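Working notes, beginning with the structure itself.
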Amino acid sequence: MASTLFSRTFLAASHRLITPSLPQKIFNPATFLSRSLHSQLGSASTAYKSTTWARRAMASTGVETKAGYSTSSVSTSEPVVSVDWLHANLREPDLKILDASWYMPDEQRNPIQEYQVAHIPRALFFDLDGISDRKTSLPHMLPTEEAFAAGCSALGIDNKDEVVVYDGKGIFSAARVWWMFRVFGHEKVWVLDGGLPRWRASGYDVESSASGDAILKASAASEAIEKIYQGQTVSPITFQTKFQPHLVWTLDQVKNNMEDPTYQHIDARSKARFDGTAPEPRKGIRSGHIPGSKCIPFPQMFDSCNTLLPAEELKKRFDQEDISLDKPIMASCGTGVTACILAMGLHRLGKTDVPIYDGSWTEWATQPDLPIESVESSS
C-alpha cells in the first residue's frame, strides 16, 4: 500500500535539480495532511523562500572546508557537520544523507510533501513516525532493535556508512534521529548544522521530486517495521544494532529519579508550557512539568542563524540554570524530540551519556496518578 501511495505522490512530478538562481519559497501548505508515510498525500506545488544568512565557518565543527575532505576526519565527539563540509563530501560512497523533517501537530506542515518539493541531493526520507514503536499510542516512540535494523536495512544504510541527518527547520527533528542511531550503537552520525534552510541560504543545489529508488526505500522501511511488529520475517536485515540502554529512560526510571534524585532533569519545552501557563499542542494533555525538573528551552542551544552555539556559550546556558556538567543529566520534552537537542548541546561539551526520557511529558501527563507542578500549584 505504501509503495502505491508514494507512486501517486512522488512520481507525479519530474525529478529535477533546483539551482540557487531560481526563486526559493518556504513550503507552508494550508492544511497538514499527514505525518506518516501511510497517510493520503495532496499536491506539493508551493515552493521555498530563501533567507539571507552569513555562512558559518567550518572551524565551528572542528573540520576543514575543502573538496574531497574525507569523512573519516570527522570526530564523533562533535554532534554536527557544516553545510560546507557536506557539500564537499556529497558524493562520498559511504555517506548517507537523511531528510528527517517532522513538525509539531499545530504547525500544519507536511514533511513528505516538502521533501518532494526540495531536498538535498542523494537524501533519503527518514519517517520519524514510521520508524517507531507500533505497539503504543504514544507518538514516535523508539522501535525495537530488530525493527530499527529492518528499517535502516530497507533504506540501504550499512554499518560502515557515515550518516548525516537534516530537517526543514534548521535543527529540530534531525536531533531525534541522531539520538536514535546512537541508542542503537551507530556512532558515525551527525546533524547538519542549520539544516536545509542553511544549505539553501549557502547557495547549494536542492532536488525537486524524488527518484524511484528513494520512494521504494522509504516505503519499504515503513513496511518492514510493520511486518516486524506483526511477527513476520523480514529479510535481508543487513544493518546490525547494539542497544545502548543508558541513553534512553522509561517512565519508571523518571519516577525513581523524582523520588530519589541522582540525575539532574532538564526539560526542553518552552517556559510557558513548563510553567503550565500555555496549553500543550496535543489535546487532552495536562499542563505543567515533572517535579524536580528544570526548564532549558531548546532554542537556547542556537545562535541567530539556528546553528549550534560554540561550547563556551552552551556552557553558559546550562550554568544559568545551575546545571552541573560534573553530575549526571537526563533530558525530556514533549515527545522526546527536542530533548535530543539539549543532548546535542551537552555532547558538544563532552557529556556524551545523556539519556532521553522517551515518553517525555506526553506519557507522564496522561498518567492521572502522577504528580505535576505548575505556576498555579506552587503559588
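Don't overthink the numbers, they just go from 1 along the chain as shown.
Glycine residues also receive a Cβ, built from the backbone N, Cα and C atoms like all the rest.
The transit peptide annotation in Swiss-Prot covers 1-56, and the record cites a large-scale study or a structure entry as its basis.
As annotated by Swiss-Prot, N-acetylalanine applies to ALA57.
The annotation domain 'Rhodanese 1' is assigned in Swiss-Prot to 91-208.
The residues of the domain 'Rhodanese 2' (259-373), classed with DSSP into helix (H, G, I), strand (E, B) and coil, number 36 helix, 16 strand, 63 coil. Marked as domain 'Rhodanese 2' by Swiss-Prot: 259-373.
For CYS333, the entry in Swiss-Prot reads active site, cysteine persulfide intermediate, with the evidence type sequence analysis. Other C-beta atoms found within 10 angstroms of the C-beta of CYS333 (active site, cysteine persulfide intermediate) number 26, with every protein chain shown included.
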